[in-house]
Amino acid sequence: MVAVAVLAAGKGTRMKSDLPKVLHQLGGYSLVERVLQSCRPLAPERQILIVGYQAAAVESSLAGRSDVEFVEQREQLGTGHAIQQLLPCLQDYQGDLLVLNGDAPLLRSETLENLLATHQRHGNAATLLTAHLPDPKGYGRVFCNGDNRVTQIVEDRDCNAAQRQNHRVNGGIYCFHWPRLAAALPKLSANNDQKEYYLTEVVDYLDQVMAVDVDDYLEINGINDRKQLAAANDILQNRIKDDWMAQGITLINPDSITIDDTVVLEADVIIEPNTHLRGKTVIGRGSRIGPGSLIEDSIVGSDASVLFSVVSQSQIGDGCRLGPYSHVRGEADIQANCRIGNFVEVKKSVIGAQSNVAHLSYLGDAMLGQRVNVGAGTITANYDGVSKHATVIGSGTKTGANSVFVAPVQVGEGVTVAAGSVINRDVPAGSLAIARPRQRIIDNWQVPPAPQSGQP
C-alpha cells in the first residue's frame with residue numbers, strides 16, 4: 001500500500017515568470033503532470049499535491065484529475081514543513097508514502113518501482129533515491145555505510161569542505177513508512193542557515209534508512225530556471241527519439257526534430273529535418289513528414305506526405321500529398337489520395353477522396369465531394385461578419401481559377417465553374433456556371449502621355 005505526496009508549493013523565482021514553476025510545460029505536459037504520470041504504474045492509493053504559491057492555478061490545472069487531492073502549505077518553510085501538512089489528512093494511514101518533487105519531471109516509472117520494492121523488501125523506515133553526480137554542486141550529500149545504510153544527509157549550503165568532496169547526492173525522492181515518519185515529523189527544527197525545516201533531518205530520528213542509486217543520474221534533475229527547463233527538454237527528446245529509432249522509425253537529422261511522447265508513429269515512417277510532432281498525433285505506416293512541418297493533435301494516414309506544412313486538429317487520409325506551404329486546421333478532414341498544394345488553407349472542411357486543391361486557395365466550412373478539382377485562387381467566402389456559413393461542392397466538379405463561392409451556397413455534381421466567377425446562388429448538377437462581367441475591348445486605345453517634368 002503506497003500513497004504519493006508531490007511537493008508543488010514553491011514559486012520558482014529563478015524562472016522569472018508569473019506562472020508557478022510546476023505549471024511550466026515540458027513536451028506537452030506541465031512539470032507536475034509529468035511527475036504524476038511517473039507514479040501511475042504504482043497504482044497509489046492516494047495522490048496528494050502540496051500546493052502554496054498560486055495554489056488555485058495549480059489546482060485548476062488538474063481539475064480533471066479526480067484522483068488527486070490538494071493540501072495547502074500557506075508558508076513555504078521547507079520540505080519538512082511541507083510534509084508536516086499531511087499529518088491531519090493521513091492520521092489513520094498505515095502504509096508507505098512516496099515523496100516526489102513537482103519540478104523533477106524526468107523520473108522513470110521503473111526507477112520508482114525499484115525504490116518502492118527495495119523499501120518494502122527491507123522493511124525500511126525510509127529509503128532515499130541517490131545519484132553519483134559529476135558535479136554535485138547544489139545537491140545535499142548522502143553519507144552511507146557499506147550496506148547503503150544512511151548515516152547522515154547534509155544540505156549543500158551546510159556542507160564543509162570535506163563533505164563537499166562526496167559526490168553521492170540526495171535526489172529529493174523518498175519512500176517512507178508513514179507511521180514512523182509521522183512520529184518523527186514533530187521533532188524537526190529550523191536550526192540551519194535557511195531557518196527551514198528540512199525533511200532530510202528525519203534521518204536522525206529513524207532507524208533503517210537506506211539509499212538506492214538511480215541508474216541514470218539525469219532522472220533526478222530538478223528545474224529551477226529556463227536553462228534547466230531547456231536541458232530537460234533535450235533529455236526528454238533524446239529518450240523519445242532513441243525509442244522510436246529503435247522501433248524502426250527513420251529520423252533524418254534527429255537533433256532538428258521534436259516529438260511529444262504522446263505521438264504514435266507506425267512502421268516505416270520517415271521524419272525529415274525541422275519537423276515537430278505534438279499532442280495526440282498519429283502518423284500512419286510508410287508516411288513521410290517534412291522537412292519543415294508541424295503536425296499537432298492530428299491523424300495522418302498511411303503512405304502520405306507532408307512537406308513544409310502545418311496541420312492541426314485535423315485528419316489526413318491515406319496517400320494524401322500536402323504542401324509545400326499548406327495549412328490544414330480546425331477539424332478538417334482530407335480524405336484519401338487528395339492533393340493539398342502550395343499556399344492552400346483548409347479550415348473545418350471535408351475534402352472528398354481524390355480531390356485536388358493545388359494552389360493559392362482558401363476552403364473554410366466547406367464540404368467537397370470526390371474528384372473535385374479546385375482551380376488556383378479559389379476562395380470560399382464563409383463569413384458574413386457575424387456567422388460562418390457552409391459551401392457544398394458536389395463530386396466531379398471543377399472550379400476555374402480565381403473563383404469565389406459566397407456562402408451559404410450549394411454546387412451540384414459534375415459542375416464546371418468558369419474562371420473568375422463569383423458564385424452566390426446554388427448551381428444545379430451537370431451545368432456550367434459563369435458569373436463575371438463580359439469582357440469589353442476598346443479598339444485603338446492609347447495610354448495618355450505622362451506629363452512632362454515641371455507640369456502639374
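For all residues, glycine too, the Cβ spot is worked out from N, Cα and C.
Note that the structure is predicted; figures quoted are calculated from it, not measured.
The acetyl-CoA site recorded in Swiss-Prot includes Ala376, Asn382, Tyr383, Arg436, and the single candidate from Ala419, Ala429, Ala450 that the record places there is Ala419. Ranking the binding-site residues Lys21, Gly78, Asp103 by the distance of their Cα atoms from the Cα of Ala419 (acetyl-CoA binding site) places Lys21 first. Asn224 (Mg(2+) binding site) is 16 Å away from Asn170 (UDP-N-acetyl-alpha-D-glucosamine binding site) when you measure Cα to Cα.
As a whole-number mean, the pLDDT of the region 'Pyrophosphorylase' (1-226) in this prediction is 94. In the three-state DSSP classification, Lys21 (UDP-N-acetyl-alpha-D-glucosamine binding site) falls within a helix. When the recorded positions Asp103, His359, Asn382 are screened for a C-alpha within 10 angstroms of the C-alpha of Lys21 (UDP-N-acetyl-alpha-D-glucosamine binding site), the residues that qualify, in sequence order, are Asp103. The distance from the Cα of Gly78 (UDP-N-acetyl-alpha-D-glucosamine binding site) to the Cα of Asp103 (Mg(2+) binding site) comes to 15 Å.
Across the structure, Arg329 (UDP-N-acetyl-alpha-D-glucosamine binding site) and Asn382 (acetyl-CoA binding site) are spaced 15 Å apart at their Cα atoms. Within the set of recorded positions (Lys21, Arg329, His359, Arg436), the lowest number of other Cβ atoms found within 10 Å of a Cβ is recorded at Arg436.
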